[in-house]
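In what follows, a structure is listed as structure tokens, so that the remarks can point back to it.
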Amino acid sequence: MVAERSPARSPGSWLFPGLWLLVLSGPGGLLRAQEQPSCRRAFDLYFVLDKSGSVANNWIEIYNFVQQLAERFVSPEMRLSFIVFSSQATIILPLTGDRGKISKGLEDLKRVSPVGETYIHEGLKLANEQIQKAGGLKTSSIIIALTDGKLDGLVPSYAEKEAKISRSLGASVYCVGVLDFEQAQLERIADSKEQVFPVKGGFQALKGIINSILAQSCTEILELQPSSVCVGEEFQIVLSGRGFMLGSRNGSVLCTYTVNETYTTSVKPVSVQLNSMLCPAPILNKAGETLDVSVSFNGGKSVISGSLIVTATECSNGIAAIIVILVLLLLLGIGLMWWFWPLCCKVVIKDPPPPPAPAPKEEEEEPLPTKKWPTVDASYYGGRGVGGIKRMEVRWGDKGSTEEGARLEKAKNAVVKIPEETEEPIRPRPPRPKPTHQPPQTKWYTPIKGRLDALWALLRRQYDRVSLMRPQEGDEVCIWECIEKELTA
């Protein structure tokens, strides 16, 4: 019985199932899972394994190969199936996504006893039956067939026939050959010779091709650009991921679009690279329309999708923005003309300035007080009267003395009296009063405010400078007449 795909679960419900492979791989499983590449794509994976008598001594290596390869596919929506073949084929694990059943299927696979012939077509037939029951073209399936010997008789033709049926159902077929296999036989069974993985070193070397199988089989779409477009606009879609070269060799890559979940169309991509793809997209004519994007690598038989949706939105055509910019530029030009018009195109004739006011009269300085000069008692010189008895004083100045004093001769006992000048005491300067106000506290915006104030003062000064040149009421203004006079001169 084939299990159907389980319904969607909450993110937390996958916590334990997502770790089942790490538990099976032992204590170092978590570290290896972080270091080794993995595949997050959701698809159905079928292992078709040779259990003929020639692999009896190497079955544990085949089991380890299956276990380690299954660890790399980490999508919670992935489903697995184990099929073994010899003279007949047997389903060890029907297709299921239940992690408990997968763990039990691995245990059953480990206990298989190899015996019989190598009828690989019988295993492919059971895989095709499960693909049809699981949904056929609605699912993305991968078949990995492993054998160790040459196919005899009609087995190669039967195997090729079953492989074609698998591809018609949308499945990709990969072959692993160990030791004594024939390369040409497996190339005809697989999709291409690049999808055949030879292991010449024996079963112990199987683990060396796990990364190669993963790189070839895991095709993922990780990013879509753009996610929104303008209504009525032509555009192209860029898909980013890995494994895009899978179907590009035979031209079977298609970009599939579903518009509003109503109709579907497919186109060939413009270019396909290993990790990117460029596809032309249909035009969306209404706002709110959605475009669901998916990719097919087998000519449309099966598709790969992952919530890749493009939405149409209303967009302005840019004319309104251009008009607004032009209007702003026009207003700016008018403002500049108004500012510089008085400087370049107007000559202002002003009335002559009034005569300057008379200079103020300088006040006469007060004469300095007369200096006290020494006086001489001329009585000792015999002047003023008979016998010089009458007292007479002679005052000396900067120009000499009086006429009487000029005719006198100094007596021996003449006395010169010099008035004593009293020195005024020096008054000490009163101390400077202490400032009564505190300096303003500096704010964080003080430097910015200072620079803005300086810029505003500069603009005001320039404006005042221009405004002084503007004509005032009563001024005579000449524009073209003055220009003509200058030209004629």
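For all residues, glycine too, the Cβ spot is worked out from N, Cα and C.
Small disclaimer: the values here were computed from a predicted structure and weren't measured.
Looking up C218 in Swiss-Prot gives a disulphide bond to a cysteine among C39, C345, C478, identified as C39. Among T90, T147, T219, the residue that Swiss-Prot annotates as phosphothreonine is T147. Among the candidates T118, T256, the one that Swiss-Prot lists alongside S52, S54 as binding divalent metal cation is T118. Sorted by the number of other CB atoms within 10 A, the binding-site residues S52, T118 start with S52, the lowest.
S54 (divalent metal cation binding site) has a Cβ environment of 19 other Cβ atoms inside 10 Å.
Same-chain residues that are not part of S52, S54, T118 yet have a Cβ within 8 Å of the Cβ center of the divalent metal cation site turn out to be D50, K51, G53, V55, S86, P114, G116, E117, T147, D148, G149.
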